[in-house]
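Here the structure is laid out as structure tokens; the discussion comes afterwards.
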Amino acid sequence: MSLILFACVVRVRDGLPLSASTDFYHSQDFLECRRRLKTLALQLAQYPGRGSAEGCDFTSLFPVPEYQDVACMAICSLQCPAAMAFCFLETLWWEFTASYDTTCVGLASRPYAFLEFDNVIQKVKWHFNYVSSTQMDSSFGKIQEELKFQPPVVLTLEDTDVANGVMNGHTLMHLEPAPSFRMEPVTALGILSLILNIMCAALNLIRGIHLAEHSLQVAHEEIGNILAFLIPFVACIFQCYLYLFYSPARTVKVVLMLLFICLGNVYLHGLRNLWQILFHIGVAFLSSHQILTRQLQDKQSDCGV
């Protein structure tokens, strides 16, 4: 029998199910556990960390990453090691956040809006169920250490009735914060790219404002030139943000910012000489490279598939 039986992805703020594995287990205990899991999903905002709820012959698990709007939940057999289950859920979380940005998640209005993600769930679930645990010992090591020093919140499935307004007399337990996901340290080349990017942004802003003041008195034909200065200004600032902070779908955003900067500078041929254009485009490429090479610090060391 598989150790990991069912998994789903939910929106933390309201418990809306975004995707789930299409597994069919018809035992009464499993169906009851799934019903309780749906109720527990409504309470995830109260549990900013790892947690588990035991009942019948199954365990429900839910790591809630701090300051994130998406969480993964699973139903596992009681024989499933906690480190394996949480490693599976965090891997699933990384896969989902890499596939869908926060805007798509926030705008989702119907249950299972991303049901096609089930293909990924099945692939990851199969990997954890059937790949020898000895091959993944290194992946479990960090999770086991974290569980040792920060044990998950342990609930009973009856505790989930609180979400429905049932006062069952249980005392809320102290909740441990979830481990935060940090980006790799800033490099010297990264700092240089930030400085050059800020300088390019300042040059674009100054030229754009100066041209706008002049154009209001002369002609409206200069509007295109003004936008060609101001749009790269915004793109440069956003490149700085993308380098400093993690953002889902970074590659798409980096390509768009690079495209805006390149097109803007090509459009300004005549107001800028060739060397100035090459300088601005070169800085944009350097910044793009630094953004894409600066990875999340814990992604590979936690558990990868």
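Each residue, glycine too, has its Cβ placed from N, Cα and C.
Listed ranges 251-268, 269-286; the one TrEMBL annotates as transmembrane segment is 251-268. Same-chain neighbours of the transmembrane segment (186-206): 229-230, 232-233, 236-237, 239-240, 243-244, 264, 279-280, 283-284, 286-287, 290, 294, counting only residues six or more beyond its ends whose CB sits under 8 Å from a CB of the stretch.
With DSSP classes pooled into helix, strand and coil, the tally for the domain 'Longin' (8-121) is 48 helix, 28 strand, 38 coil.
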